[in-house]
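TrEMBL has this to say about the protein:
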TRANSMEM  B:7-27  transmembrane segment
TRANSMEM  B:39-58  transmembrane segment
TRANSMEM  B:65-83  transmembrane segment
TRANSMEM  B:89-112  transmembrane segment
TRANSMEM  B:124-144  transmembrane segment
TRANSMEM  B:156-176  transmembrane segment
TRANSMEM  B:208-230  transmembrane segment
TRANSMEM  B:262-280  transmembrane segment
TRANSMEM  B:286-308  transmembrane segment
Amino acid sequence: MTKISARNIYKNYGAVEALRGVSLDVAEGEIHAVCGDNGAGKSTLIKILAGVEQPDQGELLVDGAARRFDSPTAALKAGLATIHQDLAVAPDMAIYQNIFMGAELTRSVLGLRLLDKARMRRESLGYMGQLNDSITDMNAKVNALSGGQRQAVAICRALRWNANVVILDEPTAALGVRETEQVLQLVRSLKRAGKTVILISHAMKDVAALADRVTILRTGENQITLDGGDLTADNLAHYILSGEVNRVH
Amino acid sequence: MTLKKIVETYGTFLAGIVLFLFLIAFAPNFASTANLLNVLKQVSFLSILAFGFTFALISSELDLSFANVCSLSAVVIGFLISTEVAWPLAIVAGLATGIAAGLLNGFLVTVLKVPSLISTLGTASVANGLAFMITGGVAFVGRWDPDFLYLGRGKIGPVPVIILFTLAIFAVALVLSTQTRTGVHIQATGENEEAARRSGINTRGCKVLALTLSGLAAGLTAVFLVANLSSAAPQMAGDFMLNGIAATLLGMTMFTPAKANILGSFVGALIIVMLSNGLVLLGAQYYIQDIMLGIIIIASVAVSASVLKRAAFAL
Ligand SMILES: Nc1ncnc2c1ncn2[C@@H]1O[C@H](COP(=O)(O)OP(=O)(O)OP(=O)(O)O)[C@@H](O)[C@H]1O
Ligand SMILES: [Mg+2]
């Protein structure tokens, strides 16, 4: 079943045509990678799926029903959680506050709904432990963390929404070997849990190893979609470098 | 905790205690019950205004209109009471005036995208003009309903009710800012608006709310001021402008360094009123206060900025 379908999406930034009729079909429960050179329009497509930007033209369907995400809130409510390339953390706030931003846990005290900070710290530790067990103080501010550790915080924030669709825009870009492996494991475990994953990455080997299908974009248009036996690291590199739109067999 | 961190977090607070002890020792009459209650009364007016300014700052916006809005609310209350409108209705109108000014500021900042430094300055001028328009330049003075005046002059035992009201407002502001989702949403909006927006937070709503709380604080202060003085004049809260800003900025050097916070603003208001009061008792010239306020404002921001810089270098 098609979980998400973006059809014929156009998006201009002033004179820049970032997307020129891009389509993307993501099946329920699959890991769908989106590849392409720098500036191909990957992040723009993701921002539209996340409600951060609105398309100039084109249709968005979730579970077969037409949707329009006017805000990030709308996308989150529809079950799509996104880790953006620029992370968008609040550096001067605590790790647990970043992880639970917008979805803070509360408890009832004398009839008032007050923040349950202890529980948020505890659960944050659980989320962070899946990705990076070197950080234990959830009160630490994010600006005291390394680039990779911040990425872990951003990923945890998306996990905490418990969304059906998790979108990751270059989640391993700042990561070392061990942390990268942990994120890849996490992507696999999301799939095992029945979630749909959209993954953007420039690491062809990782994409080939993880993805069920890959959509390659080129200068704001669809170039080709690969799956099955065609989906190899060599093939991916070949198409991205050559710009060919037909399959070589 | 390292010594450096203790100084950073509690330094100003400890300095406030030293100041308190110094004034007890050297300022004639400072420690008399009457004077201390008078200090606390002044703190009441100032701190409520500072709480409002604090919420605006937490959301990363300025509100330079709160003092003039407070005067306008006061004049509205005075006008209605002196035209024989029931005082509870006058209070509602005064609070509504503050809220309306806050909503206007919120609208200007979030919808018209006028930077708050400019938009609230504009609102301040409009409020000032309206206050003079309503009064015709004079003050409303009258022999008003004792039930109304009780709000500003009444006592429970030896304690003025105004101090009790202030403590209640302080508690509500403290809990709202540090213990509720709304509070952290305002904070997240101020820290990184785009991150907050992408996390599903209504960032525009948070800014409007923060500025409206500042307007409400101005309205509340107006109620207590008018009830305390039994009069209302178009510039009656003018002095609170710099004092309120100074209290809040001084508060930023305490407890959560470089961040506006309600507890800090409360202690900041205490220190500033103590200083003003102490200077008078020590026989200092009236202009010393203005010089002192200016120094406090600049020094507080310099200290906060250096803490921020240090945090940035830790990257
Ligand atoms: N906010 C913006 N304003 C103007 N132009 C933009 C904006 N965002 C993206 N663009 C342009 O749109 C095009 C697509 O950018 P996008 O970020 O989607 O590419 P990408 O495929 O994610 O690249 P990368 O691999 O470098 O992350 C680029 O030409 C970029 O310069
Ligand atoms: Mg990108």
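Heads up, the Cβ atoms here are built off N, Cα and C, so glycines get one too.
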Quiz prompt | Other parts of the chain folded back onto the transmembrane segment (B:208-230), taken as Cβ under 8 Å at six or more residues beyond its ends | solution = 41, 44-45, 48-49, 51-53, 55-56, 58-59, 61, 63, 65-67, 69-74, 76-78, 81, 91, 94-103, 105-107, 109-110, 116, 120, 141-144, 148-153, 162, 165, 169, 182, 186, 189-190, 236-237, 240
Self-check item: Region pair the transmembrane segment (B:39-58) / the transmembrane segment (B:262-280), three or more CB pairs under 8 Å
Solution: yes
Quiz item: When you scan the chain for residues with a C-beta under 8 Å from the transmembrane segment (B:7-27), skipping those not six or more beyond its ends, what do you find?
Solution: 1, 250, 253-257, 267-268, 270-271, 274-275, 277-278, 281-282, 307
Quiz prompt | Selection from B:89-112, B:156-176, B:262-280, the stretch that has most Cβ pairs under 8 A to the transmembrane segment (B:286-308) | solution = B:262-280
Self-check item: Cβ contacts under 8 Å made by the transmembrane segment (B:262-280) with residues that lie 6+ beyond its boundaries
Solution: 12-13, 15-16, 19-20, 22-23, 27, 30, 35, 38-39, 42-43, 46-47, 50-51, 53-54, 170, 173-174, 177-178, 243-244, 246-256, 288-289, 292-293, 296
